[in-house]
Amino acid sequence: MPRVYIGRLSYQARERDVERFFKGYGKILEVDLKNGYGFVEFDDLRDADDAVYELNGKDLCGERVIVEHARGPRRDGSYGSGRSGYGYRRSGRDKYGPPTRTEYRLIVENLSSRCSWQDLKDYMRQAGEVTYADAHKGRKNEGVIEFVSYSDMKRALEKLDGTEVNGRKIRLVEDKPGSRRRRSYSRSRSHSRSRSRSRHSRKSRSRSGSSKSSHSKSRSRSRSGSHSRSKSRSRSQSRSRSKKEKSRSPSKDNKSRSRSRSPDKSRSKSKDHAEDKLQNNDSAGKAKSHSPSRHDSKSRSRSQERRAEEERRRSVSRARSQEKSRSQEKSLLKSRSRSRSRSRSRSKDKRKGRKRSRDESRSRSRSKSERSRKHSSKRDSKVSSSSSSSKKKKDTDHSRSPSRSVSKEREHAKAESGQRGSRAEGESEAPNPEPRARSRSTSKSKPNVPAESRSRSKSASKTRSRSKSPSRSASRSPSRSRSRSHSRS
């Protein structure tokens, strides 16, 4: 039965759409849709010819399709006269999933550099169904073709070996499991894979190292608060400064140490950058000979974006930690100033209290000393007045009656003054007026005694008072010494 091939078929096309597209040209027996292409089987050959003639290049589900007669036997991968191959090109491995690998492999040598794997696959379809094709991957000017069956591979080896493709005669060699060619090809393939793996591992290591250093960097910066310097300054400056600050660091505080740490880390960061650049250059130079250079560039751009985002987050966290540390330092300074002011006020109060107590003790001792001086001056005046009165009495012995009255009046006045003095002086000076009272009682009780005996009694009382006055002065002198000792203390 005649079959029609449909190329450039839209992925959205269904069997109903294809049936509608070919409706009116004849009876359709079967519609077989593949990825990007399909087959339609007609009942009559003339209907198939009409469909191919009129529908080639028409739109089907938004795509301009290719409609041709199907070449080769139906549902069979055997060789035919060859197809146009355009639809099969579109159904390559880059769009329709991974190809199936088989052991029926041929090595194509002396392949033209203009011949792609798609061209090679289309050319090899003359011999049979091709499952996998590759060109210039392991080695330049060399390709690989894999077939579904061993018979297809043998047919291609017999029929297509020595034919010309793009002006070059190709040479087909069977790739056996024990052959040198397979070994060398697999070696070269594994070598290229290991290269790419080592590249990726180097990159990942350098990235992880740089991320670790950046984490520790953020910690040291949050401690010290000198984080904006190492970023804003150039790398060469940070290197020279790190050398200077290393020599200065033992004499300075923790701040200088953290500053010397941060340039060291910036130096390590710049080294990481330089290593990454060298590795990227190496990988770019190697990727020129291989195909996956786009993947490397994409991964680089992604890693740069991630680094930029991480640096932004770190800067925000550093600013927050700086503000927190500043507020903590301010609160500490405030509490210290408060405690200092409190201690100062307490010490001032203590000093004032001590000064007051000293002033009070001094004033007390002064008042005591002044009182004792006054009392001693009063006593001296009393003694002198009593001695003068006794002299006057001796002179006036001849006139007894007037002298008695005068002496009595004087004694009364002295007694009154003595009582006043005794009241003012207190308990320590109370026994002073006793001899005066005794002398008064003796003088009053013996009015008939002659004047000589009276004068003797008066003189005896004077001697008594004199003898008692030194004892008073002796009793006052220890009180003065006590007051002086108080004032000294």
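Placement of Cβ uses the backbone N, Cα and C atoms for every residue, glycine included.
As given in Swiss-Prot:
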type: COMPBIAS; residues: 179-206; note: compositional bias 'Basic residues'
type: COMPBIAS; residues: 214-246; note: compositional bias 'Basic residues'
type: COMPBIAS; residues: 247-279; note: compositional bias 'Basic and acidic residues'
type: COMPBIAS; residues: 293-332; note: compositional bias 'Basic and acidic residues'
type: COMPBIAS; residues: 333-356; note: compositional bias 'Basic residues'
type: COMPBIAS; residues: 357-370; note: compositional bias 'Basic and acidic residues'
type: COMPBIAS; residues: 394-426; note: compositional bias 'Basic and acidic residues'
type: COMPBIAS; residues: 456-469; note: compositional bias 'Basic residues'
type: COMPBIAS; residues: 479-489; note: compositional bias 'Basic residues'
type: DOMAIN; residues: 2-72; note: domain 'RRM 1'
type: DOMAIN; residues: 104-177; note: domain 'RRM 2'
type: MOD_RES; residues: S78; note: phosphoserine
type: MOD_RES; residues: S84; note: phosphoserine
type: MOD_RES; residues: S289; note: phosphoserine
type: MOD_RES; residues: S291; note: phosphoserine
type: MOD_RES; residues: S293; note: phosphoserine
type: MOD_RES; residues: S441; note: phosphoserine
type: MOD_RES; residues: S453; note: phosphoserine
type: MOD_RES; residues: S455; note: phosphoserine
type: REGION; residues: 72-95; note: region 'Disordered'
type: REGION; residues: 169-489; note: region 'Disordered'
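DSSP states for the domain 'RRM 1' (2-72), grouped as helix (H, G, I), strand (E, B) and coil, give 18 helix, 24 strand, 29 coil. Residue counts for the domain 'RRM 2' (104-177) under DSSP, split into helix (H, G, I), strand (E, B) and coil, are 19 helix, 25 strand, 30 coil. Mean pLDDT for the domain 'RRM 1' (2-72) in the predicted structure: 92.
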